[in-house]
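Feature annotations, reproduced from TrEMBL:
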- 1-31: signal peptide (SIGNAL)
- Asn40: N-linked glycosylation site (CARBOHYD)
- Asn56: N-linked glycosylation site (CARBOHYD)
- Asn76: N-linked glycosylation site (CARBOHYD)
- Asn148: N-linked glycosylation site (CARBOHYD)
- Cys159-Cys167: disulfide bond (DISULFID)
- Asn162: N-linked glycosylation site (CARBOHYD)
- Asn162: N-linked glycosylation site (CARBOHYD)
- Asn320: N-linked glycosylation site (CARBOHYD)
- Cys361-Cys379: disulfide bond (DISULFID)
- His392, His396, Glu420: Zn(2+) 2 binding site (BINDING)
- His392, His396, Glu420: Zn(2+) 1 binding site (BINDING)
- Glu393: active site, proton acceptor 2 (ACT_SITE)
- Asn447: N-linked glycosylation site (CARBOHYD)
- Asn511: N-linked glycosylation site (CARBOHYD)
- His522: active site, proton donor 2 (ACT_SITE)
- Cys547-Cys559: disulfide bond (DISULFID)
Amino acid sequence: MGAASGRVGPRPQLLLSLLWLLLLSPPPTLALDPELMPGNFSADEAGAQLFANSYNSSAEQVLFWSTAASWAYDTNITEENARRQEEAALLSQEFTEVWGQKAKELYDPIWKNFSDLMLHRIIGAVRILGPANLPLTKKQQYNSLLSNMSRIYSTGKVCFPNKTATCWSLDPEITNIMASSRSYAKLLFAWEGWHDAVGIPLKPLYQDFTALSNEAYRQDNFSDTGAYWRSWYDSPTFEQNLEQLYHQLEPLYLNLHAYVRRALHRIYGDRYINLRGPIPAHLLGDMWAQSWENIYDVVVPFPDKPSLDVTNTMVQKGWNATHMFRVAEQFFTSLGLLPMPPEFWAESMLEKPSDGREVVCHASAWDFYNRKDFRIKQCTRVTMDQLSTVHHEMGHVQYYLQYKDLPVTLRRGANPGFHEAIGDVLALSVSTPAHLHKIGLLDHVTNDTETDINYLLKMALEKIAFLPFGYLVDQWRWGVFSGRTPPSRYNFDWWYLRTKYQGICPPVVRNETHFDAGAKFHVPNVTPYIRYFVSFILQFQFHQALCKEAGHQGPLHQCDIYQSTKAGAKLRSLLQAGSSRPWQTVLEDLVGSAALDAQPLLNYFQPVIQWLQEQNQRMGEVLGWPEYQWRPPLPDNYPEGIDLVSDEAEANRFVEEYDQASQVVWNEYAEANWNYNTNITTENSKVLLQKNLLVANHTLKYGTWAKRFDVNNFQNASTKRIIKKVQDLDQAALPMKELEEYNKILLDMETIYSVATVCHTNGTCLQLEPELTNVMATSRNYEELLWAWKSWRDKVGRTLLPLFPKYVQLTNKAAQLNGYLDAGDSWRSMYETPSLEQDLERLYQELQPLYLNLHAYVRRALHRHYGAEHINLEGPIPAHLLGNMWAQTWSNIYELVAPFPSAPKMDATEAMIEQGWTPRRMFKEADNFFTSLGLLPVPPEFWN
């Protein structure tokens, strides 16, 4: 959203907010010219009228100087221009202070009772001093903070890792990446880099700014800066009204969010998109996820219909920035409104300078308060989106032109949302296929349902997607100003609101070191933001009223008021009023109602509202984000791998080579592992460790290679799956010394377990297989079972214990190096189910009653055998009595628990022995079973 610089009259706060952005030289002396000082006026309404007239002529001069200084800084960011800006701000604050104090001295007892409404509004504004209330040293600090915050934001860069010479500016490089890239990692790098580069250094400055700003406005009898900002809307129920409007529109946003989330899931998959969770903030085509139209190609409902993005046509036809502004001007004049004055074309900055100057690229419109000099500053790019921005900014200038003859204090929108709505109203007409056809950017206008849905969804990505962001930014700032959000919770509360309202989440871990709100222009540049939410309501109210005036018949989204002088006349009346009358009255004159009303917006989008609901119901989408705490993992090899290979043919060649090399390496490892497991010797152990390292080197080599690929858009599912698996380095991710240590620990633990024996006092020793296993399966002697159970654990567990913590540490480290939280997270990932734990818990809860009944039945049977001394019928069962060393299967105590012991036994062990079965015959029978199903027989090598 563009900031309309200079559009508010000499209300003290706006004098300031115009000045603090960087200035030309103020007048030769820093002392206020005596001719600009207030004279002597009587303390009555007649005297107040003379006071206001004198103030107006002086304020025009001061505002011109301060705005010129701001313009100089914004279009050439240097230390010298910053110094001049701060000097100009001090001069402006001196002006504000002396006139404001004079207004309070003369008219505080009587101004609220003035019969002249305009005079009432002028004196009420002049008496507010804002930052001019501060003592000189604090004013200087305040002005310096504003300059420095603006500088940090405007000069921020994102530089490649270890490549400091390769850096991106926000505009155009980062903006283009956010709009056009579909690489998860590259988008993440741009997002994280910008938020860190700008937000982190801004936090201490913003904290100091907040304290000084609050101190200033409390002296004007406001509870804090937020209360002052809200006072511009002249409504005691302003916050409640906004909340009602938001809740009225929320269902539409939730349906859009669910539809877009599903589309992103098709691209980025389960790993990065949770269909029940928030959307990672960097995937929506915009640095702030405030407008989603740049991902229209990802979500377009009917892709075979003609494209509604005319960017390519604009480029092909040779459009440039100047032509875009001429086209916008022609729209205004077609309504009978004013053309841009000569100064506009001579002085505006319509493109980013090519001479290397640092500039504030954020688009803004400027009023220089001399009733002839109006400008736009914009680093215009030739895109359809920027064409809308051009109309938006020129809407501000048209407002300036229309109310330029009002007293400067009243030269602003009826409320701040009015100013933002004007250009957007025209953009609603400009973006229609019919209008794009009229101006030569669309060959054909197709009137059918599918084309309509495409168009309305594209508009929803711009208008509806913005609503929660437009609502929450000042919710956060109001909390900061009031103290509800202290500095220790700046970032937490910011992301709480963004997740609550937008359903987005940070794509990387954020904490209170970060200041992510500061990465949005309007926060460090102290531009209130709720105006944009208000404007998104107003613009549809205006559009509906102007379309009616233009005689439009048919759906509201097809209306184009171009060339309607009747609509222009209605709009002119609104613009010329400025803020001379209450905004409710101005609104009622145009739309017939004095209240903000979301219904025209809902009318406009009705066809796509119904379509989205149908699509989401068909897909079974969850509306909202019940798993609101979910966060995506970091991409593998991030951030080094942001420039990944997306060539699928190259990926297929990689998979082929990997497969051939893997067969050799893994065969050698399998041979060594077999030799060790069938003959545990020191030599075989050494060979196995060598082969382990060869496998690790192979895994590391090909895993690193695989990480060069961005598989998100690969069409071959097998290639995509193989590369994703190869990218997981497993333990090979460890440094070599730690990998060697890890392999040694694993082998040592396996050896301890495999060769362990436990010995009776009489010298008889038993291994786990077969002796201890047989004891646990067949003995019914409590003490003998206890001895076997305890001795095995004492022998194996105690020996393993010194090795296990290091094993856990190294396993976790390897998992974390692969992008997992820990080894458990890595193991669970093999099930490729984000909800695995919840699914397992649900399954267990479903099966638990069966287990509880079995447990109680078995416990009773064991009680009959071992008695009350060993079995508590209300307690757990001793672990060694269930026929198995680990109590994991209880089949070996079947004869103790058989419900009908006289029935034929189901255990065929005795019959197998009597018939002379051998292990080989058992495997043959198993092989026969598989082949009877039409499956493959075991190969000859198996039997040999």
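Including glycine, each Cβ sits where the backbone N, Cα and C put it.
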| query | Around His392 (Zn(2+) 2 binding site), how many other C-beta atoms are within 10 angstroms of its C-beta? | reply | 28
| remark: Here the 10 Å Cβ neighbour count for Asn40 (N-linked glycosylation site) comes out at 9
| task | Based on Cα distances to Cys559 (disulfide bond), point out the closest of the recorded positions His392, His396, His522. | result | His392
| task | Kindly assign Cys559 (disulfide bond) to one of the three DSSP-derived states: helix, strand or coil. | result | coil
| Least buried by Cβ count (within 10 Å) of the glycosylation sites Asn56, Asn447 | Asn447
| query | So of Cys167, Cys361, Cys379, Cys559, which of the disulfide-bonded residues has the fewest other Cβ atoms within 10 Å around its own Cβ? | reply | Cys167
| message | Test of understanding: give the count of other CB atoms lying within 10 angstroms of the CB of Asn511 (N-linked glycosylation site). | response | 7
| request: Kindly assign His392 (Zn(2+) 2 binding site) to one of the three DSSP-derived states: helix, strand or coil. | output: helix
| said: I need the CA-to-CA distance for Asn56 (N-linked glycosylation site) versus Asn320 (N-linked glycosylation site), whole Å please. | reply: 39
| task | For Cys159 (disulfide bond), identify the closest of the recorded positions His392, Glu393, His396, Glu420, His522, judging by Cα separation. | result | His522
| field | Separation of alpha carbons, the residue listed as 'active site, proton acceptor 2' and Glu420 (Zn(2+) 2 binding site) (Å) | value | 9
| Shortest C-alpha distance to His392 (Zn(2+) 2 binding site) - which of the recorded positions Asn40, Asn76, Asn511, Cys547 | Cys547
